[in-house]
Amino acid sequence: MFLKRLEIRGFKSFADKTELEFPKGITAVVGPNGSGKSNISDAVRWVLGEQSAKSLRGQKMEDVIFAGSDSRKPINYAEVTLVLDNESQTIPIDYTEIAVTRKVYRSGESDYFINNQSCRLKDITELFMDTGLGKEAYSIIGQGRIEEVLSTKSEERRGIFEEAAGIIKYKARKREAEKRLEETEANLVRVYDVMNELEDQIEPLKEASEKAQTYLAYKSDLKYLDISLLAYQIQQIDSEWKQLDEDKSVLDDELANSVAVLNSKEASHTELKWELTKCDQQIDSLQQKFTELSTRLEKALGDEKVLLERKSNNTSLIESLELESKELRLSIEQKTHLYKNKEENYNDLKKQFESKEAELKSEINRLEDYESRLVNQDEQTEALKAEHIEILHQQTSANNQIQHIKQAQEATLKKLSELATQRATIDENLKTVARQITEVTTTITNNEQELLRLKEDVTNTQQSILNQQNVIDDSYQELLNTNQLLESKKGRKKLLLDLEAEFAGYFQGTKEILLAKKRHASQFQGVRGALVDLIKAPKKYEVAIETALGSALQNIVVDNDKHAQACIQYLKEKGKGRATFLPISIIKGQAKRYRNVEQVEGFVGYANELINVAQDYRSIIDSLLGNVLIAKDIKTATNIARLVDYRGRIVTLEGDFISPGGSMTGGSQQKKTSSLMSRKNEITSLEKEINDLQNVVNSKSVEHNKHKSGLESLQAQIQQQKAILDQTQNKAIELASKLQKLEQELSYRNENLQMIEQEQHHYNNEQEKYNLTQLEQEQRLVKLKNEQQQIEGQLNTHQQQLNEQRAQQHTTSSKVTDYKIELTKYQEQLKTLDEIRARDITEIQELEKRLQKLTDDILARNNQQQEIDTTVNSLKETIELDNEQKANMQRQIDLERVSRQRMQEQLTKQEATIADLTKKTKELEKQIHQIEVKTNRFDVELNNALNQLQEEYEISFERAINEFPLTEDPNVIKTKVKELKRKIVALGEVNTGAIEEYQRVDERYHFLKHQREDLLEAISKLNHVIKEMNVEMEKRFLDSFNLIKDSFSKVFQQMFGGGRASLKLADPENVLTTGIEIFAEPPGKKLQHLSLLSGGERALTAIALLFAILRVSPVPFCILDEVEAALDEANVTRFANYLRKFCDQTQFIVVTHRKGTMESADVLYGVTMEGSGVSKMVSVKLEDVIDLDIEREAIEAS
């Protein structure tokens, strides 16, 4: 595998799309300082995943995008594509060529692609793991990076060794495994916490579940017996009700007969009224026709008058048209005569034009002959002028060269002066560098103390984050518990609302009417609703009000008796049971009040006053509860009953009651789970509870978010602290680097002194060359001036001859122009005459058309006169006929009015008969109503029994008969019911929800138990995997380290020509975390710390380490950015030879200024930067590169 191509666009100084092809071997990239060479190595590091803008010599990632210049606009994105040849399948994917692309926009967004397929940064990082090509690998050594290898801490230096050992991928997998292990252990702790909580709940729930199951068994038996008894009672009541229904049927038949006769009479009456109406309509129709006939007659008389006037007007118009026609004929004759005269003038003028045209052609031929001679003379003159200009150009060139030489001489003298000044400056710089070294050493000491303080701050903040996380977990659990309770309440509310929507618990007849109103509201507009839906009672009075009203709660309130009758008829037609209706317009209730009742202790109030109800329904409530008093208990009720002489009905808050006359009903009663009024109150109560709980949830959610915000604030604080810590650590590295650079600068200044002396010698030689060249150019200039004078004499002679010929040509040209002007005048006159002739012909044609139109109009007007005469005669006949029809119609209207008078008399007699029949019908209806009053009493009893079935068991009568038949004597069943109720009371408080709750908790406990086993197994596996990876990484690292260690020793001796060097593990007991120490002893020196080596020795040591690693673990390609800058020429040569030695197995791309490195390259790329601030690639020859290097060294020395 090798680097095939690099494509750059918009990255740093490469604004335009730039492609660099890299063959195998060594490629050198050269160019002046600041031209953008190092941006190429930055581009490779960036596309391989570098995320640190600082490592790319920027402040933020957007800095890598071309920012524009004085002449170029900024670009919105940067894009780099790295193309690798993968024929050898070094990277194990099915592509022979791999293109990795990275793109960043000014908005901060980034895109990554592998072979044009979108991917993640992680995919690119994993792709190059353990290949030696990562962003931090030893395959890319940028500016200053060669020094960092030696100057960084020993622990931080191990990164390149891990890459060489091929354990980077193992380390990444280990980090993932450790992260998963932490998450799994955290999950296990949570599972243990939940299991401990559930273990405390299971036993109590188990006991409650068994008790609830016993209770449900008793309830099931009680339900069967109670329902069968109620069904039996309903059957008995229904039998008696049917007998009354038969009696009512007989009266209904009589009523039907009476109504039939009445309907017959009313039909005859209606028919006679219809005949009377038809007679009225016939009279109205005849009267309308009479009016229309009169109108038509008047219109005909008017039309006749209009036509006679039109005939008179036409006669006058015909006379006027004939006069105009005569005048037009005279005008046409005059126009035709004038046209003939103009035709003769046109022909004469055309002959004159043709004569002048022949004379013009003769003069043009003469003019063309003169012009041909002038062309020849011009060509000779132009040739002399060209020769004259060439001589002038040569003179200018010679002058320019002389001027250029003078400028070069001035520049050389100026340069020599500058070099003298620079030499004086170097001494001053040496003193400054020594002072700076002292200052940097002091700063390093202060920075180390700051590092200790910052690390302590980070530890304290981490503890605060841990404490805050515990607070968040507690608040989340509280929020979760409250939310669960809220959802439970919402579920209960939804269930009750669903029951309300389905009218569950209502009698069949009531339910059917309410459903019908819901589905067909327009057909049941008079239905207000069930009484229970129209009233509200405080919860403490709920039992008392329900007892007082009983089944009347399901009575349906309607506007009037007609609506009640319509609903009853609907139930009969549908066969959907019965219902009781309360017409607002009929029921007039009156509340009864008793003296001194209010003074009785325990008296609560009158029932009708304890209910909230709209004013429209107040009379109904008064009729039902106006005689009902509410007492605290049965004792108070007894005292009140005695006071009112047992005339009213007294109901206690617990549901016991005393009826008028003294009968008392009471005792314990089972709580009704489906009470209609309690259901509505429960919905209202649930709405308040849900609202309160929702407020609690919102409050806890805000509190929880507040804790989370506190955590985020602490996390941001620790990030800031770590950032400051990183900055301080980076500052320590920068200070160490700065100290090293200052030492290098001291050496660099001494080398500059030698270079200045060489440059002074060079510029003195250049000055002698410039003097010799100036003398040669001045001699050449004298010779050119003599040649110039000869050519100027020849040009004057030719110019005189040319002027004479041009005068003759001008005379002839003037004659030609005169002829053309005269011909143009003739053409204009001919054109004008031609236009006048055409216009005259058009006018004559228009006059003839107009004459024809007048003739046609006269003929048309004569025809209209004949049509008017015909129409007038027709109108006279129509008028005579309409007068006769009008008289006949008046006679017919008089006959119809006589017939209507007879029908009105018959109608009066029929109305008297209908009144008698109506009276008889009302009498029959009264008798039927009396029977209905009796049946209503049975309805109440039947409804009470049906209500009990529906309220307590939510079952219809039909299902009760079929599913719960009476199997024993009713008295025996009553005894069994009493015994079952006693057993249920003995059980005490029962939680039926415990059955489902126990099952849910038990299932969850076993599920968590299974999860615990899975988590324990997963932890064991992860620990085993991590242990195996540690063993494998240690083995690989040690094997690779020992090989690199031996290789480094050999390469160091070869690079230095002797000496010795070695590598050592700082902590051999901890192979996976130990740092790596480097020891170097150049020839003739003692073994010493790396920081005490000279700049060149340190650079050469780092290069030796790089080559040692490449010997052990070769990489497909390696990018070196000015790594040999600090080496002298001899060591540069050694460096270049080593490059050549390794280029068979590794492809090298070298950014360099050094001639020795360039000479070893197979391919050279030149980078230049024009005034626009944009880097461009140019082809560079080897000799050009050598000159460029010499020029660079001269510039640096200045």
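The backbone N, Cα and C atoms fix where each Cβ goes, and this holds for glycine too.
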Residues flagged as coiled coil in TrEMBL, choosing from 62-96, 167-201, 972-1006: 167-201
Outside the coiled coil (167-201), six or more residues from its ends: residues with CB under 8 Å to it: 126, 129-130, 134, 1001, 1004-1005, 1008-1009, 1011-1012, 1015-1016, 1018-1019, 1022-1023, 1025-1026, 1029-1030, 1032-1033, 1036-1037
Three-class DSSP secondary structure - ASN39 (ATP binding site): helix
Cβ within 8 Å of the mean position of the Cβ atoms of PRO32, ASN33, GLY34, SER35, GLY36, LYS37, SER38, ASN39: remaining residues of the chain near ATP: SER13, GLY31, VAL1167, MET1169, SER1175
Per-region confidence, the coiled coil (269-387) (mean pLDDT, whole number): 76
Site with most surrounding Cβ atoms, counting all protein chains shown within 10 Å, from the binding-site residues PRO32, GLY34, GLY36: GLY36
DSSP-derived class (H/G/I helix, E/B strand, else coil) of ASN33 (ATP binding site): coil
Spatial neighbours, same chain, of SER35 (ATP binding site) - Cβ under 8 Å, 6+ residues apart: SER13, VAL1167, THR1168, MET1169, SER1175
Residue among the binding-site residues ASN33, SER38 whose Cβ has the most other Cβ atoms within 10 Å: SER38
Fewest other C-beta atoms within 10 angstroms, as judged across LYS37, ASN39, which are the binding-site residues: ASN39
